[in-house]
Amino acid sequence: MGFRRGVYANIVFMLLALSAISSISADLNPYYYGKSCPKALPTIKRVVEAAVAQEKRMGASLLRLHFHDCFVDGCDGSILLDPSSTIDSEKNAFPNINSARGFNVIDRIKSEVDKVCGGPVVSCADILTVAARDSVVALGGPSWVVPLGRRDSRTANRAGANSNLPPPFADLPALIDSFKKQGLDERDLVALSGGHTIGFAQCANFKDHIYNESNIDPVFARNRQATCPRSGGDSKLAPLDPNPANFNTDYFAALTKRRGLLHSDQALFGRGASTSDLVKKYSANRYLFYSDFGNSMIKMGNIKPLTGKQGEIRKNCRKVNSR
């Protein structure tokens, strides 16, 4: 049975890769660095695997960085820029401050990639996109073809991060609208929300849900209250799903039992929710979720990339190149 499951999984991932190729933006190419730096992708994979082996949570953090990058003016590496006299850093936006992490890993990847490429050939935006994929794979999730050729922004948009990133207390209509503005539909919303099958959330982001809301299993709420007090403890962590170090369908199974940690998670399943049926399907069919997740990650990664002569290839992911 184990061998048979492995064969089925490989077939699904191969089909996913083939279908992904057909959906790649005309401006991007999965073989973009094939000649200019053929060792780039293996190097990114190696550093990501080492980082995730050292701290499982880092996989979720790198995936989240990519999401928070793409939802603010496209996938251009703007989230990586430190504040300066000319940069109003997205790191200081409400959804990111004291929350977004993994920047040191991106720095490490950039250093290693530039070594094997002989200089700044690979953009920070592409590094972030590939690192998100490799993080999911490192935690047992699916792989997909990553289109490449993004360039890095020379600006950041803190106000855009505050307005474009859906908050953890968003209801379903607000979530649908937020994703629609990025060219993503309800299926993308549910599939990408499945990224919460890994990682943790801070108490401040789910406190109201576990103390004041009814669309939650009371036993689950009490368990979370034990480590997230009604007053204080805002930075205390809780897992987003029962097994936060493995990429699987436990997140969706938890939603069907009203055990979503965030209000925005549980909003996907419940009375009148248009996404409930898809949550049920994903909870019962891992391969369907994996296929849709990969395709939705590609769609998200194609949001308004800078290509050609737009932007730049940063020498340091934390700051724009001097001119």
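Note: Cβ is positioned from N, Cα and C throughout, glycine not excepted.
Cross-referencing C37, C70, C203 with TrEMBL gives C37 as the cysteine bonded to C117, criterion being a recorded disulfide.
Cα separation, C124 (disulfide bond) to D241 (Ca(2+) 2 binding site), rounded: 30 Å.
Across the recorded positions listed here (V72, C203), the residue whose Cβ sits among the most other Cβ atoms within 10 Å is V72. The recorded positions recorded for this entry are H68, D69, D76, C117, C317, and the Cα of H68 lies nearest to that of T197 (Ca(2+) 2 binding site). Take the Cα of C203 (disulfide bond) and measure to each of the binding-site residues D69, G74, D76, E90, H196: the nearest one is H196. A 10 Å radius around the C-alpha of C75 (disulfide bond) takes in these recorded positions out of H68, D69, H196, in sequence order: H68, D69.
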